[in-house]
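Trainee: Before I ask anything, let me first share the structure, which is written out below as structure tokens.
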Amino acid sequence: MSSLVTPQHAEELSTGARQLGVELSAEHHEKLLGYLALLIKWNKAYNLTAVRDPDEMVSRHLLDSLSVMSFIHNERDNWLDVGSGGGMPGIPLAILHPHKRVTVLDANGKKTRFLTQVKMELKLDNLTVIHSRVEAFQPAQPFDGIISRAFSSMENFTNWTRHLGDTGTQWLAMKGLHPADELVALPADFTVESEQALTVPGCQGQRHLLILRRKA
């Protein structure tokens, strides 16, 4: 274990994952802590996250990412984390689901350099890092799932990514407060499939997940 990661961090991750109903193997646990160590190290120079205190990163980044894993369905194999930033939730998704293809996209070169380093050091062969504005990204095929965490408004999230999915794609928007005001401006061809209030161990404040689809 890196000297940047403490036994308390390891215990908080294990306990929080159990509370979320997420089963972590020893390899999952090791790689998530390895990711945490890289995040702590690189954040000092690269400003990857506004969370400066390493003791807050387990709950606010790792467990927050794990809180949506039960909504990542097995039949959906090709995922995009748009506006990934420091890699949440894309890196935890790639760690927990090594047989799924996960793409993390960000327009900030420093952040994509960090994500590339994470891919190399943790040997995440299922991870693809893309340095691009989302509107300019042209994948070879639609994604099965598109997820974002505090990326933009619901209107922008759906409009900017509509060309990256189709009517079979699920869009997952991770939000803090319920975005009722944003849903009013949701494009007419998108519909909310479900809404979930999430409880993240160690995190204060509201968390919500909205799952959307495009109408046929």
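Positions of Cβ are set from backbone N, Cα and C atoms, glycine also.
Keep in mind that what you see is a predicted model, and the values were worked out from it rather than measured.
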Trainee: The S-adenosyl-L-methionine site in Swiss-Prot includes GLY83, MET88, VAL134, GLU135. Which of ARG76, ARG101, ARG149 is also listed there?
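Mentor: Record source Swiss-Prot; matching candidate: ARG149.
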Trainee: Per DSSP, ARG149 (S-adenosyl-L-methionine binding site) is which: helix, strand or coil?
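Mentor: Once the DSSP labels are grouped into three classes, ARG149 (S-adenosyl-L-methionine binding site) ends up as strand.
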